[in-house]
């Protein structure tokens, strides 16, 4: 027969005084009403040694740590009964008691009048509904034992922490993980595995919460679950996001604002990981700009995980009801969690082999890490390993957590099989804490008060340390040293403490009874809404400013006369003072001033293989072809102007990170090499079916490309041969191949930041010995090869003193290796002058 649920609710308040301070908290427990045939087992679980209590009875732990009965023996305390509270359960009133015990307040749900009569059959004197009685202070806080005729024993209401209760060593583990993340970010520029530990702990604690709801109420309470999460996560996140939105215009370069505000908005809605994956952001790339909120990708993955796991719990409950097996709800949940964990792990391993940077942000590829923690929460309760094994497991786990980032090359392996190192290490620490803490166990260390305190603010520490680090780097132009790094950690700890004390705790703490519950729920959402509005306002203003600046910049006249752009080097003496900004030119956001080919319609992504052709100009004119990667695409704005002026028929084939060559590059990942080879093969087949071209222009990123032979050994001749093999079919059909020498490449972000400041822009230069590759293999392949020619545009980038970052009032580079479209347009007269003789 089905389990019946009753809803009488009586508040029992335990108040304690310690050193003159009253500490109060509440915990809700629900008691189900079973059929008469089940009631004896329900009220007497301890009479059946080793027997399991019903599913929905909270499984509690007594002082000895055993699980012989659902509730442990009572603890001594002072009890005080108050006037009865009105409870509409069968038209009866349920008693309300105030119990002085420990430092917590318990809110208990009592049964119907019939069940209360059974519970009160061994009643305490003076506990009638007519008025309160005052037992002696040392009386036990327990429900009186029924008469012997019921053949039952009375469980104690008051207990110590159960298996799902507070475990201080978990806070210590979170403290270690947060310090690892901050330390590796600040000084080592690597990933430590600390985030993976956070994911395991989050999976463990979340599953404990959901299981607790099932056991207390016989069902999942989605609204209560989401409300509790919101009060924990939203306040600190909102404070950090608002602070970043306010400080970014002051501390960051104009070219970084659009990316920053876009990510602030994505982080507000917990989709930062998706935004980074779509933008192709490499979390571990040292040369790229990382926004102050890029660390919110982990919070986004965690938020999406909560939705997934809540859905699993609901599905498990529904299946249990449909199968009339409510007592097996947790078993069903265990099966679902195990299945999803296995599928996620398999997907992670496969995805890392195909596209690791994207897999790094994938919630599906990360779900197995949460799953390990969830499985631990479902399997560990009631199971305690021998003390010696727990001591060894705990220390092995802690050592594994600390050493992971030092030993493993996380940059190419996570979150695949290599991530088992930190995640299983975290599980070992959780396993080590399943029983009483051994004298020499790791729990003794992790439960130290400083670590527990730091673990309490670990969430804020993780959120704050990254924006502080980014602002430091952008303000100083250098990485922090030992003292500066310690200062960053100290500042993050201070801000985390302040935000927890004045924002998180007041909203998360159980509010006084006179404060409506919806206030506690809506307050965190309101804070996050403020962050969203700040992000939208900042993003809207930045987008408008950028669009106007780019529109004006692209309307600048392209001429060999005057002092705008490349013409300033042509007329060096007359334009000596125009290498910095001038008031007549807009302050363009260089990072957004990219080639028009950088769109999904015109380019093939890093892992894509589809051919995408862009066509421009007069279909009856001379046929000109542009092939290559992003460095070739940088010259497209100039080539398009040339084609328009001369009436050429211009075609382009552009794939990110792919060189038009049959040779392999060491700097490519295995998936990139495969997709590039397939793309090149498809392109050759497509070109063979088209009319011959008069001219083919190509370029590549020379300084970052290292070609290898069949054995994987760097070999320049293999690179030269690879270019010639790709060009041969075109040359055989009468096409002239033009190899453009690569543009200069910046050695560091600090130099790029220099060009963003008008007061320093004139002095910002790339040293000639750092601007180019030691040997330009594409130019070497064209030299002396019939049908091919090399074109060197260095004169329009550099002079004898180096390569300026601002030329003729125009910013030359939008990042470390790509030209701005504004400057590329000013190259058109000089590129056309070099190509015309080759075409004729």
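Note: Cβ is positioned from N, Cα and C throughout, glycine not excepted.
Note: TrEMBL annotation is automatic and uncurated.
The transmembrane segment annotation in TrEMBL falls on one of the ranges 254-276, 277-299, 392-414, namely 392-414. According to TrEMBL, the feature region 'Disordered' maps to residues 54-93, out of the candidate ranges 54-93, 174-213. Of the listed segments 519-539, 540-560, 561-581, TrEMBL assigns transmembrane segment to 519-539. Per TrEMBL, the stretch carrying the note transmembrane segment among 153-172, 233-252, 593-612, 613-632 is 233-252.
Contact between the transmembrane segment (305-323) and the transmembrane segment (233-252) is absent: fewer than three CB pairs lie under 8 Å, with pairs separated by 6 or more positions in sequence.
Within the same chain, the transmembrane segment (233-252) stays apart from the transmembrane segment (392-414): fewer than three Cβ pairs sit under 8 Å, each pair at least 6 residues apart. Only pairs six or more apart in sequence are counted, and the transmembrane segment (360-380) with the transmembrane segment (481-498) gives fewer than three Cβ pairs under 8 Å, not enough to call it a contact. Counted over residue pairs 6 or more apart, the CB atoms of the transmembrane segment (450-469) and the transmembrane segment (481-498) come under 8 Å in at least three pairs, which marks the two as touching. Tertiary proximity for the transmembrane segment (392-414) is limited to same-chain residues at least six positions away from its ends with a CB under 8 Å from its CB atoms, namely 173, 176-177, 180, 184, 188, 190-194, 196-197, 284, 352, 356, 360, 385, 421-422, 424-429, 431-433, 441-443, 445-446, 669.
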